[in-house]
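Lifted from Swiss-Prot, the feature list:
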- Lys87: SUMO2 cross-link (CROSSLNK)
- Lys230: SUMO2 cross-link (CROSSLNK)
- Lys240: SUMO2 cross-link (CROSSLNK)
- 292-410: domain 'Nop' (DOMAIN)
- Ser314: phosphoserine (MOD_RES)
- Arg359: omega-N-methylarginine (MOD_RES)
- 458-580: region 'Disordered' (REGION)
- Ser466: phosphoserine (MOD_RES)
- Thr467: phosphothreonine (MOD_RES)
- Ser513: phosphoserine (MOD_RES)
- Ser528: phosphoserine (MOD_RES)
- Lys531: SUMO2 cross-link (CROSSLNK)
- Ser536: phosphoserine (MOD_RES)
- Thr545: phosphothreonine (MOD_RES)
- Thr546: phosphothreonine (MOD_RES)
- Ser554: phosphoserine (MOD_RES)
- Lys565: N6-acetyllysine (MOD_RES)
- Ser567: phosphoserine (MOD_RES)
- 567-580: compositional bias 'Basic residues' (COMPBIAS)
Amino acid sequence: MVLLHVLFEHAVGYALLALKEVEEISLLLPQVEECVLNLGKFHNVVRLVAFCPFSSSQVALENANAVSEGVVHEDLRLLLETYLPSKKKKVLLGVGDPKIGAAIQEELGYNCQTGGVIAEILRGVRLHFHNLVKGLTDLSACKAQLGLGHSYSRAKVKFNVNRVDNMIIQSISLLDQLDKDINTFSMRVREWYGYHFPELVKIVNDNATYCRLAQFIGNRRELNEEKLEKLEEITMDGAKAKAILDASRSSMGMDISAIDLINIESFSSRVVSLSEYRQSLHTYLRSKMSQVAPSLSALIGEAVGARLIAHAGSLTNLAKYPASTVQILGAEKALFRALKTRGNTPKYGLIFHSTFIGRAAAKNKGRISRYLANKCSIASRIDCFSEVPTSVFGEKLREQVEERLSFYETGEIPRKNLDVMKEAVVQAEEAAAEITRKLEKQEKKRLKKEKKRLAALALASSENSSTPEECEEVNEKSKKKKKLKPQENGMEDPPVSLPKSKKKKAPKEELASDLEEMATSSAKRKKSSPKEEVASEPEEAASPTTPKKKRKFSEEPEVAANFTKSSTKKKKKSQKAQED
């Protein structure tokens, strides 16, 4: 009998479940489908065989990416090889995603099944998963799902910063909108200022230049020879400046009030600022296209290439389109109208704005548009899937389109595609090596700057951390100096050594010891008196600045102590002699 197992992928790990022996037909009954909602009844049908938790969120993200791409991860392979029976013919594995099922069947040899009964079982497992796995709560499972969802979405959205085509889509859309707005506002300025100076409309055709002139001239009656030089700077043409000056003198326009002029000038300044922003945005779009799709922009131009990417949705979608779709991209209405009325289908869409189709003869427009769409499809695929995109292939493809145009006009045979691509491959490798070399240099410079910055921060932090310790050391030194200063000046009394308490002796022993001490002390006094006087003389010579009173004051406690000792000893001896 074939054993049915079910693989369930969760944010916390893989779960392998086994179905108890129940007929497949009975599982599809409505009563059984309702029993899926009941945990107790669901346990009678399904049991957990093994659970392989993910060690970290990064591992969970890797497994989720592998499942979405239809690749068998090593963790999944280990789980299936460990817990599924060795006899693969007797095992039927139910999975939710057909891609991962096909990959498991191809790599591991297990028969996989999706849909029907498996979908109902997975619905029940998804509902009761936190009860099937021990130690897993509903709250922790929800948190794991939320974290994995955020990281998975972030990985899908996060691409190379230099190759994000979303910025191109937004830029070209804004550029088209700005063109419409500038055109509308310029026409409003022409109508508004035309009541005062109608001849200026015929002389100047450019919208931005007209708005600058309206802002500069103001009241035409104030225009004179002194402003002619400024007019030449704005119009970039001396003849036009002279014509404007002559027309202002003999204009048939009506007079205008000061408040109306103020409003016209403020509105024309807004239009001028919009036109300047449009130029800066166009420059930004060109630089972005050279980074994201250099071959496509070299072949067909930045504006047309950006419109193709925006219409397709992304550069990847454009690369997936065949040449026939690229040819009519942007002409969907005409295409479906032609299919509906069974008329002629359009020959070109957005690529009509390319210069090649405009240069071709009427009978060759369809042929050159088909050839150009083919080259655009190749260029978009090169830009999308090359590691280091360069404009070499786009330049070579442009040369091929030029040769095909000349072939249609003059009959000159173009070069073979194989020869052109060989040259392009060699040049592209050299260009890619040069780009990688520049990038490595930039990275080294950035790392050096980062190291210097970190070293400066570490030095500053070490200085800040050492300052309190240094302050404490200075404070301790100052305290020590304060303590030592009175001793050096002799103002502080030296510590007096108190006589140690001696044990009481017998009276005879005390008398004998007192007599011996008296004899020895008298002998010492006689010997030490001349030496002390001699020894005191060098000290006085060495320190002549110290006053004698202070020195005597510092010596008085020792003398007083010796004198009190000798007097007490004499009194004790006299008392003992009287008692005897």
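The backbone N, Cα and C atoms fix where each Cβ goes, glycine too.
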Would you find the one among the recorded sites Lys87, Lys240 whose Cβ has the most company, meaning other Cβ atoms within 10 Å?
Lys240
Residue counts in helix (H, G, I), strand (E, B) and coil for the domain 'Nop' (292-410), per DSSP?
92 helix, 0 strand, 27 coil
In the structure shown, with every protein chain counted, which of the recorded positions Lys230, Ser314 has the densest set of Cβ atoms within 10 angstroms of its Cβ?
Ser314
Cα-Cα distance linking Ser314 (phosphoserine) and Lys87 (SUMO2 cross-link), given in Å to the nearest integer:
47
Intrachain C-beta neighbours of the residue listed as 'omega-N-methylarginine', sequence separation six or more, cut-off 8 angstroms:
Leu405
Could you tell me the C-alpha distance between Lys230 (SUMO2 cross-link) and Lys240 (SUMO2 cross-link) in angstrom, no decimals?
12
Going by DSSP, is Lys240 (SUMO2 cross-link) part of a helix, a strand, or coil?
helix
For the domain 'Nop' (292-410), what is the mean per-residue pLDDT, to the nearest integer?
90
Please report the distance from the Cα of Ser314 (phosphoserine) to the Cα of Lys240 (SUMO2 cross-link), rounded to the nearest angstrom.
45
DSSP-derived structure type at Lys230 (SUMO2 cross-link), helix or strand or else coil:
helix
